[in-house]
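J.: Sharing a structure with you now.
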């Protein structure tokens, strides 16, 4: 099955073509970082309007890259949620309209399921069951995964997501948007021994997270010290260490509670080199396996939507003609899949 995937949930326009026999045929991505930079964050109205301008040209480019015409597609998948409602509507309306005009089946995909399945775009694919750490600007969750659509939430952030905490702290430090990657880059120059921040909620049972207090700790430390480059780097390092250690501690607990030996890490923060190194060390110590997508598929992209959509379309799922979006959509609301082929 050959599927066109469309991702427009936030500030990236992603389009891809995925073939269940040949793998990824095309991948086109446009980032709105420059558009939102002057505002220090995503402006929903501007994001929606830019998706309107960019989605159709990217679809044409993806089909050209794949070397196919729309007549050679077998289905269309689009992000149905969660995300910014206006941005979601752009992708959903375009995807559903093209499916109707081209007489193709369509399916709406859960954005976070796309992230969770993104490692299946790689040659080294995880087998079920596994624990998934989904860590991004909007979500920080630990999920027990028994199969596609068979998800049990083990823990999540009770306030800020990890990526959100990175971005907010970077803004406090005066770093340009997008702040998270810039803070991580600055942290590489920092001394890990100068400052120490707490590891929130690791002193009690459970798998939930809390990162808003770390932002407060960083703000207090910034206010009490000089703002020279080395001090900022040291604070960035202490902040990153605290976030990464917290994530690693919770992953260790989740693996112990489930008895699983496989960990999938996905979402924008999964590209963090410090996080990857510490999680790899954890899984090596436990004689387990860790899986994550290549860096370009850690952030939002159309490839993960095309893959997830292809699996659901092959299993017989179809969307009605009505265009629906779910700006808020718990992943645990999804139903377990049946009749999944060996497409991946």
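The backbone N, Cα and C atoms fix where each Cβ goes, and this holds for glycine too.
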J.: Please identify which of 150, 167 is recorded by Swiss-Prot as part of the substrate site containing 134, 135, 136, 137, 138, 180, 272.
T.: 167
J.: Given that Swiss-Prot annotates 111, 115 as Fe cation-binding, name the residue from 300, 333 that shares the site.
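T.: As annotated by Swiss-Prot, 111, 115 share the Fe cation site with 300, chosen from 300, 333.
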J.: Distance check, please: Cα of residue 137 (substrate binding site) against Cα of residue 115 (Fe cation binding site), rounded to an integer number of angstrom.
T.: 13
J.: Return only the integer: C-alpha distance in Å from residue 138 (substrate binding site) to residue 111 (Fe cation binding site).
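T.: Their Cα atoms are separated by 11 Å.
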J.: Measure from the Cβ of residue 167 (substrate binding site) and count the other Cβ atoms within 10 Å, all protein chains considered.
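T.: Residue 167 (substrate binding site) is surrounded by 23 other Cβ atoms within 10 Å.
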J.: Work through the binding-site residues one by one (111, 115, 300) and name whichever has its CA nearest to the CA of residue 167 (substrate binding site).
T.: 300
